[in-house]
Amino acid sequence: MTAASRSPKDFFRPLAVGAPTPLREIPARPSRAIHFFDPSNPKMAAKVPDMIGTVDVLLGNLEDAIKADNKVAAREGLVEIATSTANLGGRSGPTQLWTRINSLDSPWALDDLTTLVPAIGDKLDVIMVPKVQGAEDIHYVDRLLAQLEAKAGLDKPILVHAILETARGVANVEEICGASPRMQGLSLGPADLAADRRMKTTRVGGGHPGYLVREDPPRLGGVANLEASRATYQQDLWHYTIARMVDACAMHGIYPYYGPFGDIADTTACEDQFRNAFLLGCVGTWSLHPKQVAIANRVFSPSVEDVAHARRVVAAMGDGTGAVMLDGKMEDDASLKQCLVMVELAEQLAAVDPELKKQYDAIGADADESEA
Ligand SMILES: CC(C)(COP(=O)(O)OP(=O)(O)OC[C@H]1O[C@@H](n2cnc3c(N)ncnc32)[C@H](O)[C@@H]1OP(=O)(O)O)[C@@H](O)C(=O)NCCC(=O)NCCSC(=O)C[C@](C)(O)C(=O)O
Ligand SMILES: [Mg+2]
């Protein structure tokens, strides 16, 4: 089942009379860090207003990590924060507002949607749906959101983001991405996914020292010396899943994200894991603690060096066809496209991040000076 489960002519029709028309393209809004907070936790909630403008997305979490007794308080807390905080969400402003609702089989998901859409549907940019198994989960949310949007008189559709955290979800990743024009992106849910797959890691994201490859033994006179010490290289447990997500998202014009890194204290390994995801094609990640925001913002913004190089290639390639030599390397139509990915991302980020804009603009000034 894919987008073709609705005929192409019907795919972009609203699913309820009076619901807003679905978007044809999902806007590429900066979302380097999706920062999770518990709206029922007064200390965390108090930090939200000061984070606006410093983080691309604030996400009021209603699902796992919120105690069962606090589910209603979290939902109500999110409504309160969204209505009382200026410049948060609503398709404009520096910081988007997302939520993660409870899973569709839980006692809370229906009330999450029927409460949030009428109350703050105009502020909510994206609803993250956990434990998505297949297109049927997205179809359910899609129709219900259309009905609620129509009833609330909303003029813009709320987008949907799925977390891949079951083996079935991973197996169905393409149909999930193509299940609705609301689909904005995917995140990895490494903890639930590890449990569902019966993987043997108990960490929330990140690597594992046991998952490695070992160098071949040295050979003496053709005989392997199995006593010699040999280097080992830790491998990335999540490479396969992230790579599948990146392809499925790119194919459907939506955006892949890493997910949570639970070892808050290990900022170095966190940065490495985020960077792997960035290099593979992800546009952002989650932040669980304020100190992970800066890591995500740094990693998911192209470096000044990369942007400078990309701009030089674009300039050297003229009309974009043919091949040229730059610093001893061949550049052509295809490497130009890689560079345009970098340049376009830099422009999008510079539009929301004044500090980054200064750094990227300084490259232009340097290049002008060296040409003068
Ligand atoms: C890890 C915890 C318990 C450490 O919380 P702490 O209070 O012990 O940490 P701290 O270092 O002492 O905190 C310093 C200050 O920052 C505040 N603070 C701390 N965190 C935040 C935050 N996120 N946003 C805003 N403020 C925050 C905290 O309240 C404190 O405020 P204070 O200075 O006034 O005392 C805490 O950071 C936390 O609860 N973070 C969010 C956890 C979360 O959302 N988990 C769910 C997502 S991961 C997941 O679900 C898996 C997945 C995808 O489903 C799957 O793989 O299957
Ligand atoms: Mg989970």
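Heads up, the Cβ atoms here are built off N, Cα and C, so glycines get one too.
For 33-203, the entry in TrEMBL reads domain 'HpcH/HpaI aldolase/citrate lyase'.
The number of other CB atoms found within 10 A of the CB of R100 (substrate binding site), across every protein chain shown, is 25. Among the features that TrEMBL reports, substrate binding site is placed at R100, E165.
The Cβ of E165 (substrate binding site) has 26 neighbouring Cβ atoms from other residues within 10 Å, across all protein chains displayed. E165 (substrate binding site) carries neither a helix nor a strand DSSP state and counts as coil. According to TrEMBL, the Mg(2+) binding site annotation covers E165, D192.
Non-local neighbourhood of D192 (Mg(2+) binding site): D64, P130, K131, I163, E165, T166, each in the same chain, at least six residues away, with C-beta under 8 Å from its C-beta. R100 (substrate binding site) carries a strand DSSP state (E or B). Proximity to ligand 1 at the level of Cβ atoms, with a cut-off under 6 angstroms, picks out E165, D192 from the binding-site residues R100, E165, D192.
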